[in-house]
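Written out below as structure tokens is the structure these notes cover.
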Amino acid sequence: MNFPLIANIVVFVVLLFALAQTRHKQWSLAKKVLVGLVMGVVFGLALHTIYGSDSQVLKDSVQWFNIVGNGYVQLLQMIVMPLVFASILSAVARLHNASQLGKISFLTIGTLLFTTLIAALVGVLVTNLFGLTAEGLVQGGAETARLNAIESNYVGKVSDLSVPQLVLSFIPKNPFADLTGANPTSIISVVIFAAFLGVAALKLLKDDAPKGERVLAAIDTLQSWVMKLVRLVMQLTPYGVLALMTKVVAGSNLQDIIKLGSFVVASYLGLLIMFAVHGILLGINGVSPLKYFRKVWPVLTFAFTSRSSAASIPLNVEAQTRRLGVPESIASFAASFGATIGQNGCAGLYPAMLAVMVAPTVGINPLDPMWIATLVGIVTVSSAGVAGVGGGATFAALIVLPAMGLPVTLVALLISVEPLIDMGRTALNVSGSMTAGTLTSQWLKQTDKAILDSEDDAELAHH
């Protein structure tokens, strides 16, 4: 073991201990996460300045930090399936009639796809506005290696899925395999399976009340139990964020970021426009955008740092029910669907931007209205199966680009700035699903106005 490596690990452990002292304070989770975020950025910058992003010491150190960072993300992935299963099951079992189920899913999914369609258009717009193209981005050895890795990872799962097959892959044939997250579309399959189970519980309640009551009591117990598990993992968020931010900041190559600067700026401009679109949609439907963003801010910061839409599901549901007055049934649906269907950032904005950048290299005019219409259509439809765990955007791009007959090499070239942009995209995905839930709740006139209008915001889960 070399000395610098040990020193880095010691400093990291000291930072974790320092962060652990915040548990004695009456701080909200959002505040602790913010402290972790700042510490991670500062520590990451220090490491970057001392060692430079390519040094072996730094790479070795990051592997140790990953125990905390990636370990945390894996714990989040651990709770996603039980959470989606329990939330949807209890949400459906609480509906008094199964006909509401159709309405809720139709409106939620409709809103998600509609916002993704707008996001794709915004992506086309900003990319053309900045005149970004893939020409002149050099493919070095590192990129080629990355491309091969990406292709072997994803392409087998994606490229042979046509749209009908994609839709078919949502329907669960082995719910236990889907609970293991075996397929990219597992989350949706679990949602469908849980919804069926919930409807069956309602039918049972009608036909045989005592048994039905017992099943519903069991479902409620399961839901409370899983939520306790979720809170446990949530308490680790600040530490995970500290480690993840250290890794992103220390390992990001400044030359790459400057070289791809216009892409980063264009991406964030597109993201800001989409946040404005969410605000406008809410405003039209009687929810003050400022109030909405103030109330969901902790969830967005969490999504931003964790870079996982699926991992944000627990906080997402909490914010909708306890701050925006959305009933639990709608909130659980919007959060679970939103982690897979119609992610505005990862599956809407990003693939559209990439397609517009690649088009000129193969002699397609990216301003051609027919081409744009086809692109937006394909992006919207294929956004239905992007798994909500980090790297979903790469996945979306690998569905959209081949479908448009475009090469996928650009995906590898942009990977160096991927984490930087992915943070903003994930926040947008999560805002999209909360917007869908809030709008659905408004349309069905089920919003609890007292909660929505209250100025003091319920503290989001952290005990």
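Placement of Cβ uses the backbone N, Cα and C atoms for every residue, glycine included.
Computed from a predicted structure; not experimentally measured.
The transmembrane segment annotation in Swiss-Prot covers 1-21 (among others).
For 33-53 (among others), the entry in Swiss-Prot reads transmembrane segment, with the evidence type sequence analysis.
Summarising the annotation, Swiss-Prot assigns transmembrane segment to 73-93 (among others). Sequence-distant contacts of the transmembrane segment (73-93) (same chain, at least 6 residues past either end, Cβ-Cβ under 8 Å): 101, 179-181, 186-187, 190-191, 193-195, 197-199, 201-202, 215-216, 219-220, 222-223, 225-227, 229-230, 233, 236, 240, 244, 306, 308, 310-311, 313-314, 317, 328-333, 335-336, 339, 388-390.
The annotation transmembrane segment is assigned in Swiss-Prot to 106-126 (among others) on the grounds of sequence analysis.
Nonlocal intrachain contacts for the transmembrane segment (185-205), taken as residues 6+ away from its ends with a CB within less than 8 angstroms of a stretch CB, comprise 80-81, 84-86, 88-93, 95, 97-98, 101, 105, 166, 169-172, 175, 178-179, 211-213, 215-216, 219, 310, 333, 336-337, 339-341, 384-385, 387-388. Summarising the annotation, Swiss-Prot assigns transmembrane segment to 185-205 (among others) and lists sequence analysis as the type of evidence.
Summarising the annotation, Swiss-Prot assigns transmembrane segment to 264-284 (among others) and lists sequence analysis as the type of evidence.
Taken from Swiss-Prot, the feature transmembrane segment applies to 347-367 (among others), supported by sequence analysis.
Under the heading transmembrane segment, Swiss-Prot lists 370-390 (among others), citing sequence analysis as support.
Annotation source Swiss-Prot lists transmembrane segment at 395-415 (among others).
Here the transmembrane segment (106-126) sits against the transmembrane segment (347-367); at least 3 CB pairs are under 8 Å, leaving out pairs fewer than 6 apart in sequence.
Here the transmembrane segment (264-284) has long-range neighbours at 115, 118-119, 122-123, 125-127, 129-130, 132, 257, 292-293, 344-345, 348-350, 353, 417, 420-421, 424-425, 427-428, 431-432, 435, 438-439, meaning same-chain residues at least 6 beyond its ends whose C-beta is under 8 angstroms from one of its own.
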